[in-house]
Amino acid sequence: MNRHKSLFCISVCSKELSGLQCIAPLVRSVEESPEPVPTTVKGTIPAWVRGSLLRNGPGKFEFGNQTFNHWFDGMALMHRFQIADGHVTYSSRFLRSDSYNSNCELNRIVVTEFGTLALPDPCKNLFQRFLSRFERMKPTDNANVSFVKYKGDYYVSTETNFMHKVDPETLETKEKVDWSNFVAVNGATAHPHVDLDGTVYNMGNSYDRKGTSYNIISVPPEKDSPSDTLHGAKVLCSITPADKNRPSYYHSFAMSKNYVVFIEQPIKLDLFKIMTCKMRGKNICDGIYWDPNQDTLFHLVDKHNGKVTMQVKYHTRALATFHQINAFEQDGFLIVDMCCSDDGQAINNYFIQNLHKSGEALDKVYNSMGKAFPRRFVLPLNITSKTPLGQNLNTQSNSSATAVCLSKHKVFCTFEDLHGDDLLDYGGMEFPNIHYDRCNTRPYRYFYGCGFRHLVGDSLIKMDLEGKKLKTWCKPGFYPSEPIFVPSLDAEEEDDGVILSVVLTPTDDKSTFLLVLDAKTFEELGRAEVPVNIPYGFHGTFNSSS
């Protein structure tokens with residue numbers, strides 16, 4: 001039954017759309033605004049909302065006459081919406097990364113990014129330019145994905161081994177931090193998880209002569225000195241990929257009370273192609289491919305002893321996931337909720353040339369994309385030699401997910417849709433968020449995200465797991481960013497609070513606003529109109545103040 005429903009979703013979502021609005025102005029270069037800019041508030045922003053919405057994303061797409069090829073390549077632009085007493089100011093700064101500084105100094109792209117290969121120095125002679133193809137390619141420190149927090153300090157991060165400590169008040173770049181100076185990893189995700197005791201968990205790959213390992217990292221919650229950054233970080237455990245020369249790409253991971261959950265998906269990294277991309281004159285993303293013939297695996301790591309559950313592997317069919325919603329343990333099961341699609345080629349759709357298209361060409365790009373939907377997997381934890389084979393082990397009431405033990409070492413799982421048919425009308429959902437401090441690693445009821453009837457989010461959605469009902473905020477021509485939940489000071493219920501989202505429109509100049517929704521009713525309370533242009537960004541967080 002669940003399989004039939006999944007096929008129905010794919011069929012409905014493949015219905016083509018036409019007449020999509022050109023969104024090129026949402027991915028253009030802008031000027032920074034380092035001094036706070038007053039905004040015009042319409043409606044009411046609750047006085048109890050005090051703090052800063054910090055966001056990150058690409059904000060500069062060219063240097064001189066050279067242009068980045070991919071959305072993910074743009075130089076990091078940090079944003080701050082300071083909220084107090086119902087008023088809002090806006091400021092922004094470019095991250096002064098080595099990549100940004102070098103590109104500015106020479107007025108050309110000199111650092112290779114995900115989808116853009118830096119060309120040899122034109123001042124060199126032909127032989128020198130040829131030899132430069134064989135020089136080792138340095139990873140970028142253009143940390144344009146998210147704001148993260150370690151030991152009370154804010155950092156901006158991407159997926160390489162570099163982060164930058166920043167001042168959350170001024171957005172000034174303070175210190176470059178290299179993960180590889182503390183643990184044996186060549187990068188880390190921009191989506192760590194925080195445990196109840198303040199320990200932060202993350203993941204990073206390591207590469208050596210024996211191949212690749214996926215590494216679970218833990219960072220202690222306290223500083224030993226004022227200059228402490230990632231000191232005390234350690235690799236909790238290493239996981240061997242199914243193919244050491246073709247490990248999986250991952251953007252994030254899940255965490256429950258006792259487990260770190262890594263989803264090894266069939267979006268693959270061809271390490272030979274990536275390592276030789278400069279020599280071959282190809283982009284890094286040329287070495288990333290989707291293999292729909294491989295299963296997706298769930299790896300469970302015990303947070304307390306660092307051991308991987310080697311006795312059993314949890315499989316499901318090929319799927320792609322960038323963001324998990326939540327994970328928790330209940331009655332002998334590990335429940336993993338995540339946004340995922342049946343096609344792992346979405347990254348290829350975000351080349352700048354695609355985002356700048358209009359008319360039928362834009363429609364074609366969108367209609368070729370796999371859509372992401374919220375799904376639940378139920379993994380039985382107590383598999384033994386006596387576990388019966390060939391029958392559904394999921395005894396969770398009102399759950400259509402299945403988990404069938406095929407052998408003493410393999411459980412095959414199918415998912416349950418966490419939505420009704422009405423979500424199909426909004427193009428699925430991505431950028432999920434929950435009431436994190438209250439619900440992360442615990443049973444929960446609500447999550448929030450963006451609907452995607454375009455290449456970027458064009459609606460805000462609140463999902464209620466009781467009855468799988470949704471509420472939406474959607475206005476034609478408006479494109480909201482990732483929703484951030486901020487709980488009210490006296491919150492009693494899970495959805496007592498507000499949703500913050502930055503909304504852009506490509507048709508009007510300087511028409512961005514910070515939207516404030518009542519998280520319970522999903523009705524607009526107010527908006528703060530910003531008199532500067534802001535590009536569409538990725539992720540952020542709320543830094544509360546008293």
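Count begins at 1; order follows the chain as displayed.
For all residues, glycine too, the Cβ spot is worked out from N, Cα and C.
As recorded in TrEMBL:
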type: BINDING; residues: His191, His251, His323, His539; note: Fe cation binding site
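Features as recorded by TrEMBL, highlighted on the structure.
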{"residue": "His191", "record": "Fe cation binding site", "CB count, 10 Å": "21"}
{"residue": "His251", "record": "Fe cation binding site", "CB count, 10 Å": "18"}
{"residue": "His323", "record": "Fe cation binding site", "CB count, 10 Å": "21"}
{"residue": "His539", "record": "Fe cation binding site", "CB count, 10 Å": "23"}
Residues within 8 Å of the His191, His251, His323, His539 Cβ centre (excluding the Fe cation site residues themselves): Val145, Ser146, Thr189, Ala190, Ser252, Phe322
